[in-house]
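What follows is a short report on a single structure.
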Amino acid sequence: MKGTLIFVVFYSSYGFAHCNTILRSSSLSRNFEDSLRRIPRSTDKDETGFEDSNVQEVIFILLYCLFVALAILICGLIIFYNSRKRELRANRSRGDEYLLEPTSADHKRRNSSNIVPPEPTPYPITSGESDLRQTPSRLSNVECPPELELAPINEKIMYLHYYAEVEINEEDLDISKGRPLGSGEFGIIRKGFLRSKNSKNEEKESRLEVAVKLPLNEYNQIQQELIYDELKVMCAVGKHPNILALVGGITFGERKMIVSEFVENGDLLSFLRDNRIYFTNDQWTLETEQDSLSLVDLLSFAFQIAKGMEYLIHVPCVHRDLALRNVLIKKNRIIRIADFGLARRHKNKDYYKTQSVDTPLPIHWMAPESIDKLLFTQKSDVWSYGVCLYELFSLGKSPYENVIKYDQRDFYWKYVLSYLNEGKRLAQPAHADAEIYNVMKLCWDLDMNSRTTFLDCIEFFEKELKTTSNEYFLDLTRKLRSETNNQLRLSNWLSDEKHCDS
């Protein structure tokens, strides 16, 4: 760039030194000089103090200054263009440093850690079983500070690692241009198909239905970073039958993408609202119609959400945005906890403390300490779980929808906080008995250390399920075992594809 600047300035100076010669050799310069000769010469100075003989010299000086200014402007534009080009190239290649294979030093450091890695839930399910598994994430080459060793992954995202083996070739991904599956503050989710050649028959191409999360604006660097951080969180979380499974990610393209399993029935909140008319308290059997919705289904959903959240405790990961809109449901009634977009530490405090009740932010699901002090812990997730129980057993009602006062719409979060600090809580939903409502109230204790635990909730709803329909519980156990195998096949999908490429 410096060479370009020197050349332009040198060229400009050289041209101005010969400017007089060029003008004299042209018809324009001859006309110009003839006009100058017709001007009466005088040795007297005019009012400005300049002699007439200096007029031509002044003109050349002005022209010289003009051309120098233009040359500097052109150089500045070239410098800006090249700088912007380098910045965009750097943005596209962001994340390359994370695509590294595990080293022996990493394994050594990991094995010496006191962190207990989560294991997949063994089935059949019992209340005393562990949800620990070996997660695929590890710390990056930047050493994690000792004080963060036992901290939730939310607090050390910059030290999390993204593995190369989950990278997807964007050319193998077809993204639907139709109606999106969902959208949020920073990202949009679309249906897609991931192509892969069968490792046994390279001529046969198979396609996997997937959900693809992209930034709303691919040119927004902040949104790109949020998608990339969520991708690393999902890598760290690993696989569990009640957690949305990561298929892979795209980090080399112009935009970052998260590719996850496709869940056909959408979010649980919409499912409950759409199926209210089919709700029945009749005894469930294996012959029960697929479209029906019964109390035992609600108990199953509550049980599964608690199982998924208990698993996150052992990762460890704080979800921060647990709500039925972020819980997906498959056709076989198995749920997946999704949307880890808020699992990262958000830098903008106003994102949570919104002044508008019309903004779809999780104020109604947040614990008082989260609203007031932005303190998010596993205990604040327990509070959110209690609100999920209200949504479940009210068949999708919005929490606090009847307590909003028009004159309290400004600084709404302050009103919600005051409402909770006064000891007021959500009412008992129509389809929750006294025992279930008591569990909900245990989730909403102002003292976070006095709240119930997910393990207690698992034990409670397991007992309720077995009492209501042991046949349903045994069928659920078989389904969860099958889902564990299905998620393992998702991992093998990319392995087969890379095997074919090699």
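The backbone N, Cα and C atoms fix where each Cβ goes, and this holds for glycine too.
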Listed co-binder of ATP (same site as Leu181, Gly182, Ser183, Gly184, Glu185, Phe186, Gly187, Ile188, Ile189, source Swiss-Prot) among Lys156, Lys213: Lys213
Count of other CB atoms lying within 10 Å of the CB belonging to Ser183 (ATP binding site): 13
Cβ atoms near Ile189 (ATP binding site) (within 10 Å, other residues, all chains): 18
Other C-beta atoms that fall within 10 angstroms of the C-beta of Gly187 (ATP binding site): 23
